[in-house]
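Copied over from TrEMBL:
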type	residues	note
DOMAIN	311-383	domain 'DUF1736'
REPEAT	499-532	repeat 'TPR'
REPEAT	533-566	repeat 'TPR'
REPEAT	601-634	repeat 'TPR'
REPEAT	703-736	repeat 'TPR'
TRANSMEM	31-53	transmembrane segment
TRANSMEM	131-151	transmembrane segment
TRANSMEM	188-208	transmembrane segment
TRANSMEM	220-237	transmembrane segment
TRANSMEM	243-266	transmembrane segment
TRANSMEM	286-305	transmembrane segment
TRANSMEM	372-391	transmembrane segment
TRANSMEM	403-424	transmembrane segment
TRANSMEM	430-449	transmembrane segment
TRANSMEM	458-476	transmembrane segment
Amino acid sequence: QIFNQHNAEAPNLEQAFHRMAPMEPNLDHDLSWFLLPSYWAKMVVALISFLCFANSYDGDFVFDDSEAIINNKDLRAETPLGDLWYHDFWGSKLSSNTSHKSYRPLTVLTFRINYLFAGGFYPVGFHVINIILHCTISVLMVDVFSILLGGLQFSNKGRRLNLAPKSSLLAALLFAVHPVHTECVAGIVGRADLLCALFFLLSFLGYCKAFRENKEGHTFSVFWVLVSVVLGAIAMLCKEQGITILGLNAVFDALVINKINLLELIRKLLYKDKALENAGLLRKGLLFRITLLMCGGAGILYIRWRIMGTGPPAFTEVDNPASFADSLFVRAINYNYYYSLNAWLLLCPWWLCFDWSMGCIPLIKSVSDWRIIALAALWFCLIGLICQALCSEDSHKRRILTLGLGFLIIPFLPASNLFFRVGFVVAERVIYLPSIGYCILFTYGFSLLSKQAKKKKILAVAVLGILLINVMRCALRSSQWRSEEQLFRSALSVCPLNAKVHYNVGKNLADKGNQSAAIKYYREAVRLNPKYVHAMNNLGNILKERNELHEAEELLSLAVQIQPDFAAAWMNLGIVQNSLRRFEEAEQSYWTAIKHRKKYPDCYYNLGRLYADLNRHIDALNAWRNATVLKPEHSLAWNNMIILLDNTGNLAQAEAVGREALELIPNDHSLMFSLANVLGKSQKYKESEALFLKAIKANPNAASYHGNLAVLYHRWGNLDLAKKHYEVSLKLDPMAPGTKENYNLLRRKLEQLQKKGG
C-alpha cells in the first residue's frame, strides 16, 4: 500500500523537538511511497540487498583476487602481523618502487582472518563476509538518509527522530540495489570499499551523536567529535577514500547544525562583514569543531605519508592514458569525460565492465569529437544543481541539494586525478560512496515530481519498476562475477577495444588447455595494444609449447625490447633460444632475467637445464641448488639434481639430496620415485621397494613407476612380483621404453626355471 501521509510513528512532534532544531518542510509530505516502522524498513532493506547479491556467495576468486589474496603472503600465518603496517594492499613493501602505495592494512587483516578461519583459500567465507557487509551498510543507510533528508532532531529524551521515514527508505533501497555496487560485493577485493563505507557511515553517525544534548546542557560533545575522527581514520586504513568523511562532517555541521547560507556567508566574507558571529560560526562552536576535524585529518594524512614514503605510486600509460597526455587541454577534457562516464554509470548502470583501461575509452583529442556533448551535459546539470543549492530561497532545498552534491563529489575526489594520478580510467568500485549523493538527489527529484504529479501511484509504480530492474541487474551481474570466464566474456560486448579484456579471456582459455582459442584472443590483444608485453609473453609461451619457435622468439624479443626489465619474458626467451640450440644467447637471456629479478627460482631451474644439456654438470647442480634455496618446494629442481647425480654415478650424493628433498616435500611421488631408483642401485632393496610402493599409491597410473619397481624385483630375485608389475606397466603404456625387453628376458628366465624344475 502506498501512503502520502506524515510520519505515523511520531505524533505531536512539535513538543518533542530539541530546541536547537526548529521545524522545516517535511520531504515526506508529497512523497508517494511506503511508510514502514523503522525496524521493518531496515528488515526490508537488508532482505532486498541480500537477494541482490546472494548468488555470488559460492563464486571463485576472480581477477584481482588472485594477487590481493591468493598470492599475498600477508595472509599467511608465517608473516608477522606487524608487516601488514609496512606493506601495501598487494603484499609489497610500501618502500618498493613497484608499489602502488594502496595502504589498506585493516582490509588485509580481515582477509587474513578469513584465511585462518577457513583453513586455506576457500572463497565462500570471503564472499559471505562481503555480502553481510553490504547488507549492514544498506541498513545503516536508512539512518543516514533519515538525517540527510529529514534533518537532525532529537526528542526531549535524547532520541533521534526520523522525520523522513518514507524518503529515507526509498533512498536506502536505491543504494542497496544499485548494480554499480556489484564489483564491491561480488569481487572479494571490493572488501576494501565495503569496510571503508562501513566506518565512513559510523563516523558520520558518531558525529551526529555529538549534538545530542547531555545532562550538563552542553550543545555538543567533544568526545563524539573525536570518536568520529578516529572512525574516519579507521575508514582510511580500509581504503583511502575514507578520509573524505571528515570534510563531509564539516559540511554537514555548517549546513544542518548551523544552518549556514553559503551564498550569504560568501558575500559577508567578500565584504568583510563583522556580523559573522550572527551567522552562527562562533556561537555554536563550528570553528572549534572544524579545527578538530582539520587537525585530525592532517595528523592522519601525515602519519600515512610517513609510512608510505614520499614517492608517488608508479603507473603506466595503459593504466591511465589521459594522465600521460602532453597537452593540458587533452588531460582536462578527458578527465571531465571520465567524470561524465561515472555519472552515467550511476544513472544507467547497464554497461558494466571489470576493467575500463587499455583502449576501452579512446582519448578525446579535439573539440570536434562528439563525446564533448557528454561533458557539456554533465556540467549543465552540475551547474544547475549548484545554482539551486546556493541561490534557492528555500532553505530545505538548499540543504538537501548541497548535501547531495557534497556526498556525490567529495568522496570521489581521491579518484578524480585532480590531486594525484590514479591507476585506472573508470572504476565502478570507487562509485560506492558517491552513490550516496546520487540516491539523495534521486529521492529529492522524485519528491518534487510527486508534488506536481496528479497520478502519484503511477509515479510510485515507475520507481518500483526501476528498483525491480536494478535487483535483476544485480543478480545477473553477480552471476557474471562468479567465475573469470563469465566475467571476462561479459566485458567483450562492453569494451571490445580493451586489450586487457581479450588478454584475460585468452589467459582463462589457456589455463583450461584451449590453446588454439587462447592464441586468437592473445593476438587480438597485441593488435589492439602493440606494446602489450604480457600478452606477447603469454602468446610466445603457447607458440613455444606448439614448437612454433621462430614466431615465439620474435614476440619475446619484442617484449623485452619494449620493457627491458621484464624478467619473465627474458626467461621465456632463453627457453626458446635453448630449444633452437643457441646456447650462448639462452644463457645470456637467463642471466638478464636473474639480473632484473634476483629471487627467480624458475629461471635458475631453466639455467640448470641448459648447463645439463651442455654437460656442465657442476654449473647445473649449482643452478638447481639456487632454485631450491629460493624455493624449497621446487620439486623439479630437486628431481633434476637427484637424476643428474644418479646418472653420473654419484649415488651417495644423490641419496643425500633425495632424502633432503623428501624431508621438505614429503608427499611428492616423483621424488619418492627418483630416490627409490638410487636406493635400488645401491642395493637397498627393502627401502627402495617401500618408496616405489608409496609412489605408486600416490600415482597408480604411472607406467614407469611399475616398470622400475619390476626391475627392482627382477634384480632382487622376486620374479613373480617383477612379472606382475611388468605386466601392469605394459598395460598402462605398451610402448614403455625398455619394459618390453625386460619383460621378455624375465619370461625366458621363468621358462628356463620351469624346465629345470620339470
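Glycine is no exception: its Cβ is also placed from the backbone N, Cα and C atoms.
Ranked by number of Cβ pairs under 8 Å to the transmembrane segment (31-53), the listed stretches 188-208, 243-266, 458-476 are led by 458-476. DSSP labels the residues of the repeat 'TPR' (703-736) in these numbers: 28 helix, 0 strand, 6 coil. Secondary structure of the repeat 'TPR' (533-566), assigned with DSSP and counted as helix (H, G, I), strand (E, B) and coil, comes to 27 helix, 0 strand, 7 coil. The transmembrane segment (220-237) shares the most Cβ pairs under 8 Å with 188-208, out of the stretches 131-151, 188-208, 243-266, 286-305, 403-424. Within the chain carrying the repeat 'TPR' (703-736), a Cβ under 8 angstroms from the stretch's Cβ atoms is held by residues 669, 673, 676-677, 680, 685, 688-689, 692-693, 695-696, 742-743, 746-747, 749-750, 753, all 6 or more beyond its ends. Sequence-distant contacts of the transmembrane segment (403-424) (same chain, six or more residues past either end, CB-CB distance under 8 Å): 100, 148, 200, 240-241, 243-245, 247-248, 251-252, 255-256, 312-313, 315, 319-320, 322-323, 331, 335, 338-339, 342, 356-357, 382, 385-386, 389, 430-431, 433-434, 436-438, 440-441, 444. Looking just at the repeat 'TPR' (703-736), the mean pLDDT is 88. Long-range neighbours of the repeat 'TPR' (601-634) within the same chain, counting only residues 6 or more positions beyond its ends whose Cβ lies under 8 Å from a Cβ of the stretch, are 567, 571, 574-575, 578, 583, 586-587, 590-591, 593-594, 640-641, 644-645, 648, 661, 664-665. The DSSP breakdown of the domain 'DUF1736' (311-383), given as helix, strand and coil counts, is 36 helix, 0 strand, 37 coil.
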